Amino acid sequence: MQTVAVIDYGMGNLHSVAKALEHVGAGRVLITSDAKVIREADRVVFPGVGAIRDCMAEIRRLGFDSLVREVSQDRPFLGICVGMQALLDRSEESGGVDCIGLFPGQVKFFGKNLHEEGEHLKVPHMGWNQVTQAVDHPLWHDIPDLARFYFVHSFYIDAANQRQVVGRGHYGLDFAAALADGSRFAVQFHPEKSHTHGLQLLQNFAAWDGRW
């Protein structure tokens with residue numbers, strides 16, 4: 001039976017992610033901060049919620065920045081929400097925070113004056129929204145284009161390499177909702193909270209061989 005390591009650095013909705021993975025039959029799901037267990041896992045999930053400065057402080061304290069770079073190279077790897085944002089170069093949150101740098105680009109604030117067709121939009125962006133599939137990817141298997149996923153975020157990803165953008169969202173402005181590069185896949189939304197389509201994405205991740 002394959003193992004899926006859910007990285008625990010004290011800043012994630014770990015149990016809901018783990019339960020969703022177990023629900024789709026992903027294998028033996030381990031919530032862990034043990035680097036040895038993470039290195040030995042067949043697949044790795046990197047969730048995250050909260051302030052990016054606090055997240056990156058814990059990631060660096062535990063040495064997980066280098067560990068994430070290592071394990072995401074040679075096996076299926078999934079970043080979720082702030083776990084996705086931590087994979088970018090830098091976030092402007094909290095006055096500016098350097099991140100892990102696996103995907104080129106910046107994490108930017110939606111702003112206080114966000115509008116759509118004359119209507120003021122509340123920040124954070126919270127609730128269901130469509131994701132446009134920019135390119136075909138194994139993790140989109142059996143998920144229709146413009147499927148709705150659940151988002152909770154005040155900061156969005158401005159990707160520097162548009163070829164890595166495999167899913168796009170829109171909330172007053174366009175943003176990267178999903179990024180992919182090799183065996184790495186990352187989403188701004190919460191698949192574990194996104195009902196049928198979110199569970200399908202996790203099932204696809206559990207079956208994915210990491211090639212793209």
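For all residues, glycine too, the Cβ spot is worked out from N, Cα and C.
Across all of the domain 'Glutamine amidotransferase type-1' (3-212), the predicted model scores a mean pLDDT of 97. Here Swiss-Prot flags 3-212 as domain 'Glutamine amidotransferase type-1', drawing on sequence analysis.
Classification of C81 (active site, nucleophile) by DSSP places it in coil, neither helical nor stranded. Sequence-distant neighbours of C81 (active site, nucleophile) (same chain, six or more apart, CB under 8 Å from its CB) are P47, G48, V49, V152, H153, V187, Q188, F189, H190, listed in sequence order. The annotation active site, nucleophile is assigned in Swiss-Prot to C81 on the grounds of sequence analysis.
Here Swiss-Prot flags H190 (among others) as active site.
Summarising the annotation, Swiss-Prot assigns active site to E192 (among others). For E192 (active site), the same-chain residues that are 6 or more apart in sequence and have a Cβ closer than 8 Å to its Cβ are N13, S16, V17, K19, A20, I80, G198, L202.
Taken residue by residue with DSSP, E192 (active site) is part of a helix.
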